[in-house]
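One structure below.
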Amino acid sequence: MREKVSKARRWVVKIGSALLTADGRGLDRGAMAVWVEQMVALRRAGVELVLVSSGAVAAGMSRLGWSERPGTIHELQAAAAVGQMGLVQAWESSFAEHGLQTAQVLLTHDDLSDRKRYLNARSTLRTLVDLGVIPVINENDTVVTDEIRFGDNDTLAALVANLVEADLLVILTDRDGMFDADPRHNPDAQLIFEARADDPSLDAVAGGTGGALGRGGMQTKLRAARLAARSGANTIIVGGRIERVLDRLKGSERLGTLLTPERSRYAARKQWLAGHLQMRGTLSLDAGAVRALLEQRKSLLPVGVTAVEGNFRRGEMVVCLGPDGREVARGLVNYSAADAQRIIGLSTEAIEQELGYIDEPELVHRDNLVLV
Ligand SMILES: Nc1ncnc2c1ncn2[C@@H]1O[C@H](COP(=O)(O)OP(=O)(O)O)[C@@H](O)[C@H]1O
Ligand SMILES: N[C@@H](CCC(=O)OP(=O)(O)O)C(=O)O
């Protein structure tokens with residue numbers, strides 16, 4: 001079962017406020033350094049990493065000398081703005097000690113629900129990961145309003161896992177994992193080692209909300225696992241203070257709670273694309289492009305496309321048809337219909353000349369392509 005974890009290539013690691021702030025006494029830099037060491041080791045082992053870090057509000061409270069979580073949203077946002085500085089600074093200096101660079105990425109709900117911004121966020125994150133930089137993501141607390149807040153970073157981390165098509169979401173928290181009852185009130189509660197994310201009996205055990213600093217509790221972690229499962233990712237909820245926790249997970253050790261998707265990664269991804277997006281147009285492919293997609297699992301380049309139909313925008317879903325008119329794939333397109341029309345049949349070098357810019361050399365990247 002745990003080889004699902006050791007074999008995962010792309011991880012999103014989420015670290016909650018409760019852990020990061022040593023229960024309210026500012027950022028726990030010592031603990032951060034220990035996770036950084038393990039994340040560096042993961043990277044060196046070929047794992048692609050994205051970090052979702054909470055702790056801005058808690059760090060800001062400590063910097064401002066506030067001992068209680070403020071009541072108004074503006075005070076919370078002010079605390080987050082102050083604390084985010086310290087948070088990214090701490091991550092940056094800690095990773096820098098190992099020669100790794102970090103990047104701050106602040107996201108809101110709108111960024112992930114608007115197709116165009118979604119695709120841009122995705123491309124930027126992919127570029128950062130390819131560059132070997134560790135993206136450090138948090139919610140953009142200063143600009144969000146109550147209605148559009150993620151609120152807890154568990155949900156944000158799950159949506160990031162969808163966004164970057166992670167194989168694994170690791171939620172580090174202050175308990176060893178998900179118990180069959182809230183361990184704060186039930187000393188006999190037992191750790192759940194494995195379950196299907198969609199198992200309805202989990203709803204009852206994850207009832208309680210978060211601690212004094214965190215927002216979510218187990219309920220949002222369970223919901224996050226279900227969201228992550230939609231794009232086929234496995235989720236581990238595990239104690240961040242367990243010694244060498246990330247190393248040991250990578251080594252298939254049975255730590256924490258593993259929540260698995262009900263379908264295979266591929267089937268889940270396909271369903272997710274289909275369920276989330278309406279078809280906006282079609283691309284007709286020549287025989288060479290069909291072979292490149294189906295046999296070599298490559299991205300679709302403009303050079304192999306013979307016709308464009310529909311009025312789609314960048315980031316929307318299109319259907320790819322073979323020379324016989326049969327559907328061979330569907331996926332998220334990197335160019336609008338008007339721009340696609342101008343670049344079909346062109347080699348990669350000619351695209352920039354034609355458009356004056358180049359977003360991506362692929363018309364549809366293979367990560368965003370589902371073969372039929
Ligand atoms: N079934 C459960 N198993 C484990 N922890 C639970 C459960 N139900 C509620 N909790 C509580 O959830 C807390 C973790 O959530 P939270 O405080 O939001 O942390 P974080 O900041 O890591 O997101 C734990 O300290 C625990 O008391
Ligand atoms: N964006 C907020 C995180 C919200 C939050 O509390 O998240 P979590 O501790 O993961 O439940 C912050 O940085 O303080």
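Just so it is clear, glycine is given a Cβ too, placed from its N, Cα and C backbone atoms.
Now, the feature entries from TrEMBL:
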type	residues	note
BINDING	Lys14, Thr173, Asp174	ATP binding site
BINDING	Ser54, Asp141, Asn153	substrate binding site
DOMAIN	281-364	domain 'PUA'
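In the three-state DSSP classification, Lys14 (ATP binding site) falls within a strand. With helix defined as DSSP H, G or I and strand as E or B, the domain 'PUA' (281-364) counts 26 helix, 24 strand, 34 coil. Among the binding-site residues Ser54, Asp141, Asn153, the ones whose Cα is located within 10 Å of the Cα of Lys14 (ATP binding site) are Ser54, Asn153.
Proximity of the binding-site residues Lys14, Asp141, Asn153, Thr173, Asp174 to ligand 2, judged by a Cβ distance under 6 angstroms to any of its atoms, singles out Asp141, Asn153 in sequence order. On a Cα basis, Thr173 (ATP binding site) lies 21 Å away from Asp141 (substrate binding site). A Cβ distance below 6 Å to any atom of ligand 1 is met by none of the binding-site residues Lys14, Asp141, Asn153. Cα to Cα, Thr173 (ATP binding site) and Ser54 (substrate binding site) are separated by 11 Å.
Between the C-alpha atoms of Asn153 (substrate binding site) and Asp174 (ATP binding site), the distance comes to 14 Å. If you measure from the Cα atom of Asp174 (ATP binding site) to that of Ser54 (substrate binding site), you get 13 Å.
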